[in-house]
């Protein structure tokens, strides 16, 4: 087992750093239903960490705990080694944790560009009066942020639809715009909730490529959820497997693939 | 030119100006509805409250003086000073911001995610409570409001039209000022929502709460901001209507004038509120002028609603409202 502070180099030459985020004995209940039961795992800097499991395993709940949308009844969340106090989702976002949603959540009334620009809101420090009366500074700030956004738009190859209202885009592109918005925040940790759900094979391949490129190019730490095991195994450095709210496996794709509990969960063995 | 046509022109002009005032009230509804999905029944009362606060501050009234006197047996009513109108307006804006914050923290915050009808009920409660508070704070007597806006016939228009048509139009200076201020207000609001950080955040919240949270926008802050802006719009409407017809309970009923405007313009569109206001204003004045005499007058009370109903039947989403498409 690796030490928390250890860093190592992967086969393809990327450096994986120490632990960024640690979940410690997380338990989450909704009334009598236990969605997450005493789960612990960590996410290291620069890695692609997957959380997989069958439908209803509690994966999305886990992501919502990390992003602050759900508050667990028990357990601790450690960010950069420090215990995170109870926070609202927007405070978590301001700490540098960006996310996408399983059922795309874009700002339908805005263009692609405006949507991605909202990812920069927390980098804009001028106040209302400066924006109204001190044109120079506000304009400079807008331009700086605009540059970052344009870079991301180029990177994700959505230049052609920059000015299009997002409501007119097909599903696959919407997902990409959502990724762009999350990236625009230059997150320390990027959470992707089923980035490939509902996509055709070609779109899935595109999305996989973008996820790998983002991680490679910007060194972004990524945690993603998928129920499609095949996609995940090719993408991720380490995988957590959940089933019925419990953790049944944790390790490299190879380790997980050969884990008997995981095989049972996916192939279906009677639970007794 | 036939007399009838010249009169109709004058009526149309007056209708347009009345329409601007309707639009001003409707605007307050649209702002809150867009950002939070709440139909704010209290918008009219907010205008009344703002106007009463403004008068109270200007005249140096002691707030809650009746209550204070009843409890302590004292006889204070006024501080004995008057406040210049500009300062009083700024102070009133501050009061409206505090009110927005209180509404959010004490009521709306706890109702996030509830059914729209529940939120609507909450604003009804708020409306009557606020009305009571306004009476308690400033007394229920009819007050006159004079912040120094010009009033009375505009002589220049009178003269110009007299020279052209041989008949001078009666256009009230106050209506002209109201039009200019409304135009400035709308321009300001559009610039604010399109080009500022807070405006962008406001539009984001209007579109999707979850997504807004995920990019680090505090919903609470935005809602306080929206209620503050709506409070400011209410103040402007309160000043205009209050100057025109005195500050009294009936001021809160201007909200009823805004309803047909909203039905016409849609609940989610700022341009809709303006165009809707103008159509209602012109429509009801022209109808009263042309048809009114045939049916014995007093059509202004109901015509706007008939017009709005007809619109509603054919375009339920309003003129510029977002189209409702249900996928099956």
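Any Cβ shown, glycine's included, is placed from N, Cα and C.
According to TrEMBL, the protein carries these features:
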- B:12-33: transmembrane segment (TRANSMEM)
- B:45-62: transmembrane segment (TRANSMEM)
- B:82-105: transmembrane segment (TRANSMEM)
- B:117-138: transmembrane segment (TRANSMEM)
- B:164-192: transmembrane segment (TRANSMEM)
- B:213-241: transmembrane segment (TRANSMEM)
- B:261-282: transmembrane segment (TRANSMEM)
- B:289-314: transmembrane segment (TRANSMEM)
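Counted over residue pairs separated by six or more positions, the transmembrane segment (B:82-105) shares at least 3 Cβ pairs under 8 angstroms with the transmembrane segment (B:213-241), which defines the two as touching. Sequence-remote contacts of a segment are chain residues at least 6 beyond its ends whose Cβ falls under 8 Å from one of its Cβ atoms, and for the transmembrane segment (B:289-314) they are 7-8, 11, 257, 259-261, 263-264, 279-280, 283. For the transmembrane segment (B:164-192), same-chain residues at least 6 beyond its ends with a Cβ under 8 Å from one of its own Cβ atoms are 1, 3, 6-7, 9-10, 13-14, 16-18, 20-21, 23-24, 27, 31, 149-154, 157-158, 198-199, 229, 233, 236, 240, 243-244, 270, 274. Below 8 A, the CB atoms of the transmembrane segment (B:12-33) and the transmembrane segment (B:117-138) form no more than two pairs separated by six or more positions in the chain, fewer than 3 in all.
At the 8 Å Cβ threshold, with sequence separation of at least 6, the transmembrane segment (B:45-62) lacks contact with the transmembrane segment (B:261-282), having fewer than 3 such pairs.
Nonlocal intrachain contacts for the transmembrane segment (B:213-241), taken as residues 6+ away from its ends with a CB within less than 8 angstroms of a stretch CB, comprise 21, 24-25, 27-28, 31-32, 35-36, 40, 43, 46-51, 54, 89, 92-93, 96-97, 99-101, 103-104, 108-109, 112, 145, 147, 149, 174, 178, 181-182, 185, 189, 198, 201-202, 204-205, 247, 251, 254.
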